[in-house]
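Visitor: Here you go, one structure.
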Amino acid sequence: MIVILNNGGQYVHRIQRSLKYLDVPAKIIPNSTTLEEIIADSEIKGIILSGGPDITKATNCENIALNSELPVLGICLGHQLISKAYGGEVSRADSEEYASIKIYVKEENDLFNGVPSEFTAWASHMDEVKVIPDCFEVLAYSDICGIESIKHKEKSIYGVQFHPEVSHTEYGDVILKNFCKKCGFEFEE
């Protein structure tokens, strides 16, 4: 099972539904849930930090990003929280948008395996990661944001500024499936 920490984003149920379409069991839990409570359930194989409107209300997400040995995927606000937890900089976007944008994948990697080097995604840019921590690398960027996706250099921790769970994002299901593979789920190809 994958747990989705609910940071109050409008697409949190869409994340769960997208995982259901992939036949991956998922459960939405409050963002006040501790890492200890999560790892006490041996069926949990991965964690998604959802988007949301307010970084100050994302209670335990930074601690989970720092200390989880389970794979973690941060979406939108979740992506920002991961970066912030490791010492990255998050601030207002230069171009505040909520729109369809072109994403450019720097090179094929485990999160974007099977995804073309350029695709369209639905993204929210009110706040964004401005500087990544030293232990992360940039996986993808756009014309309006130089850091659309990141990965920890040693752990299975990923962040995406855009929303792979919505139908407007091309290959969003592939990106989510790739994360689920990192969590140990297998799929017929």
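Even glycines carry a Cβ here, placed using N, Cα and C.
Sharing the feature lines straight out of Swiss-Prot:
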type	residues	note
DOMAIN	1-189	domain 'Glutamine amidotransferase type-1'
ACT_SITE	Cys76	active site, nucleophile
ACT_SITE	His163	active site
ACT_SITE	Glu165	active site
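Walk me through where these features lie, including what they touch and how far apart they are.
Guide: Taken together, the residues in the domain 'Glutamine amidotransferase type-1' (1-189) have a mean pLDDT of 94 on the 0 to 100 scale.
Cys76 (active site, nucleophile) falls within neither a helix nor a strand when secondary structure is assigned with DSSP, and so counts as coil.
Counting every protein chain shown, the Cβ of His163 (active site) has 25 other Cβ atoms within 10 Å.
When secondary structure is read from DSSP and collapsed to three states, Glu165 (active site) falls in the coil class. In the shown protein chains, 29 other C-beta atoms lie within 10 A of the C-beta of Glu165 (active site).
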Visitor: Could you round the CA separation between His163 (active site) and Cys76 (active site, nucleophile) to a whole angstrom and send it over?
Guide: 7
Visitor: Could you state the CA-to-CA distance between Glu165 (active site) and Cys76 (active site, nucleophile) to the nearest Å?
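Guide: Pair distance, Cα basis, whole Å: 11 Å.
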Visitor: Taking 10 A as the limit, how many CB atoms besides its own sit near the CB of Cys76 (active site, nucleophile)?
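Guide: The answer is 27.
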